[in-house]
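Straight from TrEMBL, the features:
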ACT_SITE  179  active site, proton donor
ACT_SITE  314  active site, proton acceptor
BINDING   179, 180, 181, 252  beta-D-galactose binding site
Ligand code: G6D
């Protein structure tokens, strides 16, 4: 197992480094100290061919210019906050409205655009990178000095383990995720329409026209949102279901997980034989089928960006939870500790 570090570019005058983790089976994961961004995951197909299964860019400038959030840690709050404001203990906090009147993915310079401290870490059967970042009191309008630690491990079971913890000195809200776009065909050669997703989820959140939760939890039974027995992403792109149409002919929805840390999210690409199993301690996964991905630029290797080129499986708390008292809370107290664990296991069939 090994860890290598290369210069990737710079943001302002701060260097951006690429850390590449490689296990004994040849699988590789590369990530940046910019937003803890995963730029590449080389995973084998059934014949052992290693290809990149996530979308990314070759240049740091593109990560800043394109609002795709490719591979990055999203925070302080993933998803949208209605009206770009919330109240805690009677005090209203105003956030930058960076999507219409709402606040999206941590604001104008969320965690994905910050330079994190990074250091390689090693264990007996894993190599990794430990990222740390101090989000200052008032950053993007949020209260509290929030110390965040994100550790990416790569093991010899071809598993990427993502452990994120956070502590605050003042009551605040926290809901973090990773925004990787997966494409198991390898090197972005096909769209994700024939990818098959299986979810242990009986309900999903209804969205309004601004893609914010209405508060209603809808049953998946009898709809294109029923992934319990496996379903091709294609179904959602041709569906006339109002929620698929609203999302831009696809999915952009939070699914409530009925189990945790027990193979609750499985993505398959039958042609290559690649399978991704995601397990998490988080209550939901936002499935986004890149319905709004721009088509006026190229991703790494000069591959043209296209709608439906990747699928995001953003494990997290429920979006806009601060405005829904019946959603699991995203409030973090000074004596509390935020802990998010998600594992991504790559295998073949
Ligand atoms: C769009 O609505 C989607 C979000 O879910 C996604 O995170 C973003 O594009 C990249 O805004």
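Cβ coordinates come from backbone N, Cα and C, glycine included.
Feature map: annotations from TrEMBL on the structure.
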residue : record                        : Cβ within 10 Å
179     : active site, proton donor     : 23
180     : beta-D-galactose binding site : 25
181     : beta-D-galactose binding site : 25
252     : beta-D-galactose binding site : 20
314     : active site, proton acceptor  : 23
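Excluding 179, 180, 181, 252 themselves, the residues of that chain whose CB lies within 8 A of the CB mean position for the beta-D-galactose site are, in sequence, 69, 70, 182, 288, 290, 310, 311, 312, 313, 314. The residue listed as 'active site, proton acceptor' sits 6 Å from the residue listed as 'active site, proton donor', taking the Cα positions as reference. The recorded positions near ligand 1, defined by a Cβ under 6 Å from one of its atoms, are 252, chosen from 180, 181, 252, 314. A straight line from the CA of residue 252 (beta-D-galactose binding site) to the CA of residue 179 (active site, proton donor) spans 13 Å. DSSP assigns residue 314 (active site, proton acceptor) to a strand in the three-state reduction. Whole-number maximum of the Cα to Cα distances across the beta-D-galactose-binding residues 179, 180, 181, 252: 14 angstrom. In three-state terms derived from DSSP, residue 179 (active site, proton donor) belongs to neither a helical nor a strand segment and is classed as coil.
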